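Visitor: The following feature annotations were taken from Swiss-Prot:
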COMPBIAS  1-23  compositional bias 'Basic and acidic residues'
COMPBIAS  24-39  compositional bias 'Basic residues'
COMPBIAS  40-108  compositional bias 'Basic and acidic residues'
COMPBIAS  129-166  compositional bias 'Basic and acidic residues'
COMPBIAS  179-199  compositional bias 'Basic and acidic residues'
CROSSLNK  101  SUMO2 cross-link
CROSSLNK  103  SUMO2 cross-link
CROSSLNK  117  SUMO2 cross-link
CROSSLNK  134  SUMO2 cross-link
CROSSLNK  148  SUMO2 cross-link
CROSSLNK  158  SUMO2 cross-link
CROSSLNK  164  SUMO2 cross-link
CROSSLNK  172  SUMO2 cross-link
CROSSLNK  336  SUMO2 cross-link
CROSSLNK  549  SUMO2 cross-link
CROSSLNK  700  SUMO2 cross-link
CROSSLNK  712  SUMO2 cross-link
DOMAIN    432-765  domain 'Topo IB-type catalytic'
MOD_RES   2  phosphoserine
MOD_RES   2  N-acetylserine
MOD_RES   10  phosphoserine
MOD_RES   57  phosphoserine
MOD_RES   112  phosphoserine
MOD_RES   172  N6-acetyllysine
MOD_RES   280  N6-acetyllysine
MOD_RES   506  phosphoserine
SITE      316  site 'Interaction with DNA'
SITE      364  site 'Interaction with DNA'
SITE      412  site 'Interaction with DNA'
SITE      443  site 'Interaction with DNA'
SITE      501  site 'Interaction with DNA'
SITE      532  site 'Interaction with DNA'
SITE      574  site 'Interaction with DNA'
SITE      632  site 'Interaction with DNA'
SITE      650  site 'Interaction with DNA'
C-alpha cells in the first residue's frame with residue numbers, strides 16, 4: 001500500500017498549505033477579498049481531483065467546502081492534530097475498500113504497488129458496468145467475464161457488499177473512471193493478448209505423436225447438417241402458361257418448374273438431352289390432372305417465372321448495407337453453430353455443413369444425365385457419424401436420422417446417397433484440419449519415397465517393352481505415359497452412365513495418331529481425348545522408338561472404338577504399382593513429377609538479383625510448367641479482355657507519370673548545376689526517388705499483365721493445392737525473401753500451416 005501512503009502524505013501537505021494560507025489571510029484581510037474567489041476555484045479543482053481518486057476524500061472536501069461557505073475563515077484555527085486524526089480514519093477506510101482503491105489510483109496515473117500481485121481475487125472484479133465498457137468495443141469482454149467468477153470466489157463478502165454500496169452512493173465515480181480509461185486506451189492491451197489467444201488455438205498436430213494405423217480420431221462431436229430451406233410458393237401474380245393459357249401448378253410441380261425457369265437463359269436448356277431428362281423427371285412430380293394436360297415441354301412458358309427470379313437477383317444486388325449486414329450476421333450465426341466440430345478436444349472447422357438444395361443436374365461436358373432432378377435430401381436419408389460418448393445431433397422436429405454410426409476409421413461426419421449417379425456424398429472437415437493436413441503430408445512423403453526408387457522403376461518398364469507377353473508390354477507402355485505425361489490411370493465406367501472421359505488405361509485407338517516424323521521430330525504420338533471433368537487433352541509428344549513400335553503393334557487389326565490397351569485395366573496396373581513400391585499409385589507419379597518439376601523450374605528461373613515482383617513471376621512460370629504437364633486447363637475468364645484493357649490503361653497512365661517525373665528530374669539537375677546549394681541537391685534526390693518509385697510501379701503492372709496473359713487458359717490453383725509439395729514453395733520463399741502471402745492466400749496458408757512451420761530454406765523434395 002506504498003502508493004496509498006504517498007497519496008495520503010501529499011493530501012496532508014495540501015491541508016497544511018490550506019491552513020497556512022488562512023493564517024496569512026488573518027494578517028492581510030484587505031487582500032482576502034481580492035483573492036477569495038480565486039482560491040475557491042483552486043479548492044474546487046482540488047476537490048474534483050480528489051473525487052476521481054476515492055470517495056472518502058471527496059466527502060472530506062465537500063465538508064471543507066460547506067464549512068468555508070458557512071463560517072468563512074473558521075478553518076484558520078483548526079488543530080493540526082485533528083487533521084492527522086482524520087487522515088488516520090481515511091486510511092482505515094481505504095484499507096476497507098481494498099483493491100478497489102488501488103485500481104482507481106492505477107487508472108488515474110498512479111503506479112501500482114508490488115503487493116497487488118498478492119491479491120488476485122480483487123484484480124479482475126472491479127469492472128465498470130456494461131454500458132460504460134460498450135463504447136470501448138473491447139473484443140475480449142466475454143472472455144474476461146468468463147474469468148471473473150473464479151476471482152469472485154476468493155473475494156471477502158463483506159468487502160464486496162461495502163464496495164457495491166459505495167458505488168451506488170456515488171455514481172459520479174463511474175464517469176471519471178471511463179474518462180481515465182479513455183485517456184489510457186486499454187485497447188492496445190487487448191491487441192497484445194489477442195495474438196496469444198490465436199496462437200493457443202493453433203493446433204500443431206504435426207508435433208504430436210500420430211495415431212495408430214487406421215484410427216482417425218478418438219472423440220468426435222458435431223451438430224449435424226443444415227438442410228435446404230423449404231420451398232416458398234411463387235406470388236399469385238407470377239403465372240405459368242401452357243399452350244398460351246394460365247395454369248396453376250401443384251406445389252411439387254411448381255418447385256421443379258422453377259428450377260428450369262432459373263436456367264431459362266442458360267445454354268443447358270437448349271440441349272435436347274437436358275430437356276428430355278428434365279421433362280421426364282418433372283412429370284413424376286405432377287398430379288394426374290397435370291400429367292394429362294402438360295404433354296409437351298415446347299408448349300410450356302416459363303417467362304414470368306424467369307423474370308421474377310431475375311428481379312430477385314437484382315434486388316439482392318441493390319440491398320442496403322444494413323440488409324447485407326443482417327444476412328451476414330445470420331450466416332455467421334449459422335457458421336458458429338454448425339460450422340465447427342469437436343475432435344479430440346480441439347475445435348475443427350467443417351468444410352461443407354450445408355446440404356445441397358434440390359435442383360437440376362448439369363454434369364460436366366455432354367453428360368448423359370444432365371437435366372435430371374436432384375431430389376431434396378431429408379433427415380431420413382442422413383447417416384450421422386460421431387463418438388459413442390458424444391451428444392448425437394438432434395434431427396429436425398418430426399424427423400429422424402437414417403442411421404447413427406460410431407466409426408473412427410473414417411473421416412466423414414455425415415453421409416447420404418444422391419439419386420442421380422447413386423454416389424455417396426459426405427460432409428467432411430475443412431482442408432486446414434488435422435485429418436486433411438495429415439493426409440496431404442502423407443501423400444507428399446509417399447511421393448518423396450518414389451524419388452529413391454524411380455530410376456529402378458524406369459529401368460524395369462524399359463526392359464518390359466521387350467517382353468514376350470503382350471500384357472506386360474502394354475502395362476510398361478501405359479506406365480511410361482503415366483510417368484512421362486502425368487496421365488491419370490483412368491477408371492472403367494458403365495456406358496451411358498457418365499460422360500465419355502478417359503484416362504491412360506481406357507484410351508481407345510481413336511484417341512491417338514502416330515507420326516514417324518512431325519515438325520522435325522521423330523516418333524511423335526498425337527493425343528486427343530477428353531480427360532477428367534471433360535477437359536480436352538491435346539498433345540504432340542516425341543517418344544522413344546520402342547514405345548512407338550509397340551503402339552503400332554497394339555493398334556494392328558483394331559477399329560477406332562477399340563481399346564488401345566486391351567490386355568490392361570486399372571486393377572492390373574495398380575497391383576503392379578503396389579508390387580514396385582508400397583503405396584504407389586498413378587496419382588503418386590503425378591504428385592512426384594509435379595513437385596520435382598516445380599523444384600527444378602524454380603532453380604532455373606529464379607535470379608538472385610531480381611526484385612520481389614520478378615521473383616513472383618518466375619514462381620508463376622514454374623507453376624505454369626506443372627499445370628501444363630498435368631493438363632490443368634481452363635476457359636479464359638469472360639471478363640479477361642476487359643480486365644486486360646483496364647490494366648493496359650493503368651500501364652499507359654503510369655508511363656505518362658514516369659515521363660513527367662523524368663522531365664522534372666532533368667530540370668532539377670540543371671538547376672542544381674547552376675545553383676550549387678544544399679536545397680537544390682535535396683530536390684534532385686527527391687525527384688530521383690520519385691522516378692525510382694514510378695519505375696517500380698510500372699514494372700509491377702507490366703509483370704501483372706504478362707502473368708495474366710500467360711495464365712489466361714491455365715489453372716494454376718489445382719496443381720498448387722493438390723500436386724505440389726508446399727514445403728518446396730515455403731523453402732523458396734524463405735530463401736529469396738518472398739513473403740509467403742504473395743504466393744498463398746489466407747485459406748491456403750491455413751491448409752499448409754504444417755509445411756510453413758516445418759520447412760526451412762534448405763528443404764529438398
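A Cβ is built for glycine as well, from the same backbone N, Cα and C atoms used for every other residue.
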Visitor: According to DSSP, does residue 316 (site 'Interaction with DNA') fall in a helix, a strand, or coil?
Guide: helix
Visitor: Give, as a single whole number between 0 and 100, the mean pLDDT over the domain 'Topo IB-type catalytic' (432-765).
Guide: 88
Visitor: Of the recorded positions 364, 506, 532, 650, 700, which one has its Cα closest to the Cα of residue 574 (site 'Interaction with DNA')?
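Guide: Minimum Cα distance from residue 574 (site 'Interaction with DNA') across 364, 506, 532, 650, 700 lands on 506.
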Visitor: Counting all other Cβ atoms within 10 Å across every protein chain shown, which of the recorded sites 443, 574 scores highest?
Guide: 443
Visitor: Counting only residues 6+ away in sequence within the same chain, which have a CB under 8 Å from the CB of residue 501 (site 'Interaction with DNA')?
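Guide: Within the chain, residue 501 (site 'Interaction with DNA') has Cβ neighbours under 8 Å at 365, 530, 531, 532, 533, 534.
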Visitor: Let me spell it out: for each of the recorded positions (549, 632, 650, 712), count the other Cβ atoms within 10 Å of that residue's Cβ, using every protein chain shown. Which one has the most?
Guide: 632
Visitor: Roughly how many angstrom lie between the C-alpha atoms of residue 506 (phosphoserine) and residue 316 (site 'Interaction with DNA')?
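Guide: Residue 506 (phosphoserine) and residue 316 (site 'Interaction with DNA') have their Cα atoms 47 Å apart.
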Visitor: If I take the Cα of residue 549 (SUMO2 cross-link) as reference, which of the recorded positions 280, 316, 412, 700 has the closest Cα?
Guide: 412
Visitor: Calculate the distance in Å between the alpha carbons (Cα) of residue 443 (site 'Interaction with DNA') and residue 280 (N6-acetyllysine), and round it to a whole number.
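Guide: Their Cα atoms are separated by 44 Å.
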Visitor: What's the most sparsely packed of the recorded positions 280, 336, 364, counting other C-beta atoms within 10 A?
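Guide: Minimum Cβ neighbour count within 10 Å, taken over the recorded positions 280, 336, 364, occurs at 336.
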Visitor: Here's one to test understanding: among the recorded positions 280, 412, 712, whose C-alpha is closest in space to the C-alpha of residue 336 (SUMO2 cross-link)?
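Guide: Nearest in space to residue 336 (SUMO2 cross-link), counting only the recorded positions, is 412.
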Visitor: If you skip the near sequence neighbours and keep only those at least six away, which residues in the chain come within under 8 angstroms of residue 316 (site 'Interaction with DNA'), Cβ to Cβ?
Guide: none
Visitor: Taking Cα atoms as reference points, which of the recorded positions 364, 632, 650, 712 is nearest to residue 700 (SUMO2 cross-link)?
Guide: 650
